[in-house]
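Feature list (source: Swiss-Prot):
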TRANSMEM  4-24  transmembrane segment
TRANSMEM  31-51  transmembrane segment
TRANSMEM  76-96  transmembrane segment
TRANSMEM  113-130  transmembrane segment
TRANSMEM  134-154  transmembrane segment
TRANSMEM  242-262  transmembrane segment
TRANSMEM  272-292  transmembrane segment
TRANSMEM  305-325  transmembrane segment
TRANSMEM  330-350  transmembrane segment
TRANSMEM  386-406  transmembrane segment
TRANSMEM  411-431  transmembrane segment
TRANSMEM  463-483  transmembrane segment
Amino acid sequence: MNYFPWLTTVVILPIVGGSLIFLFPHKGNKVIKWYTICICLIDLLITSYVFCYHFELDDPLIQLTENYKWINFFDFYWSFGIDGLSLGPILLTGFITTLATLAAQPVTRESKLFYFLMLAMYSGQIGTFSSQDILLFFIMWEFELIPVYLLLSMWGGKKRLYSATKFILYTAGSSVFLLLGILGMSFYSSNEPTLNFESLTNQSYPVALEIIFYIGFLIAFAVKSPIIPLHTWLPDTHGEAHYSTCMLLAGILLKMGAYGLVRINMEFLSRAHSIFSPWLILLGSIQIIYAASTSLGQRNLKKRIAYSSVSHMGFLLLGIGSISDTGLNGAILQIISHGFIGAALFFLAGTSYDRLRLLYLDEMGGMAIPMPKIFTVFTILSMASLALPGMSGFVAELIVLLGIITSQKYLLITKILITFVTAIGMILTPIYSLSMLRQMFYGYKLFNTPNSYFFDSGPRELFISISILIPVISIGIYPDFIFSFSADKVEAILSNFL
């Protein structure tokens, strides 16, 4: 057995390394940037090493567990561990954060604080995905909100304070339900709190109480995912945030809500999930069509991409609600797939804004000729977003739909209706994606602003784009890489529903 605290190292390294940034000279933006990238790279390499040499793919149990008594008063442990459900989001977090740090090169105002906040956010996200104590999970969940709020409120558009305030009101408000659910579950059986994930998995509750807990957790995770009607903070936030922050929001933060739904609502509250799963299916179907239709009406480029993210999150609900092996594996694949695609689209939207200083699609046009590289990469990743065969988005959405069709829980007529409604959403997706490409890159040059700089993608931007494009295509061609570490865990979760 390996006793080295790998997961504690991965969680602590970014924030400890980030704290040293404030010791750097005041005028050293390049040094600070490359130092931050090195911290992210080292953390990602450690995570990759642990995955390659210390993680057993065919073991559905929690691995690399670390338990350190933190507070004796109520049996609170610093407890970490990973399994097939958390490994993918952890690797995704390291990868996207490293690229987002590289994408943040144009940020020069208060750069020390900016990069420290990115690293603090990194620690909070890794801590959330690897926590094996439900109170530690809550602490990491809340800790991560602080750097996000500061990144939103200090760097971005003119309405950044409004969007940051809206974000914190939604997320902090929903955290009240999360805390109440945690306290209720922990203190149900005795005066001694039960905080360990393994103990909570084996805990049973009266059905009525389990439903109450389920609703509380669902509200908390619905805000982060986001699920309609608790999604309205997302377009405003993406519309105002700096694009490196948007990469972290779309690539990682939204996945925390989906992870919570599977980890807590499905694994701990299986009876309540069986009751609510048809409603999740209905909500997911409505969300796919509603968000796709709303995206088509958005003039703001970043808001259009934000609504497309909301639409794609609807497939997660379908997979989670299907209660089938295929559907849940598809939902986990969608978490990873959309993490890459969403982050890439916001990065490319940001690079376009850096050149044009425009965000409204009806003010753009004819960008394909002066910027052919940006045009090519933007087109390919938009095709990935609309689920072109050979891309990760296609495989994820197809497997989710197969999960619905093969589910034993629903009648044939229900499956046909769900598939029909989802197909409408899949038709709307290319409409708003191709419309966006047409308005940006084709036609006559509509913009004529003195602050525009017509130069194509540089080496840094090409590197980031290609780095994200490679896994999108790789997963689309060989999705079994993701299933190799999620399949056994999915079987273990679904065994609670037999």
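Heads up, the Cβ atoms here are built off N, Cα and C, so glycines get one too.
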Any contact, the transmembrane segment (76-96) to the transmembrane segment (134-154), with at least 3 Cβ pairs under 8 A: yes
Residues from the same chain, set at least six apart from the ends of the transmembrane segment (386-406), whose C-beta lies under 8 A from its own: 281, 312, 315-316, 318-319, 322, 324-331, 333-334, 336-338, 340-341, 415, 418-419, 422, 426, 429-430, 433-434, 471-473, 475-477, 479
Contact call for the transmembrane segment (242-262) and the transmembrane segment (463-483): at least 3 Cβ pairs under 8 Å, seq gap 6+: no
Candidate ranges 113-130, 134-154, 463-483 - greatest C-beta contact count to the transmembrane segment (4-24) (under 8 angstroms): 113-130
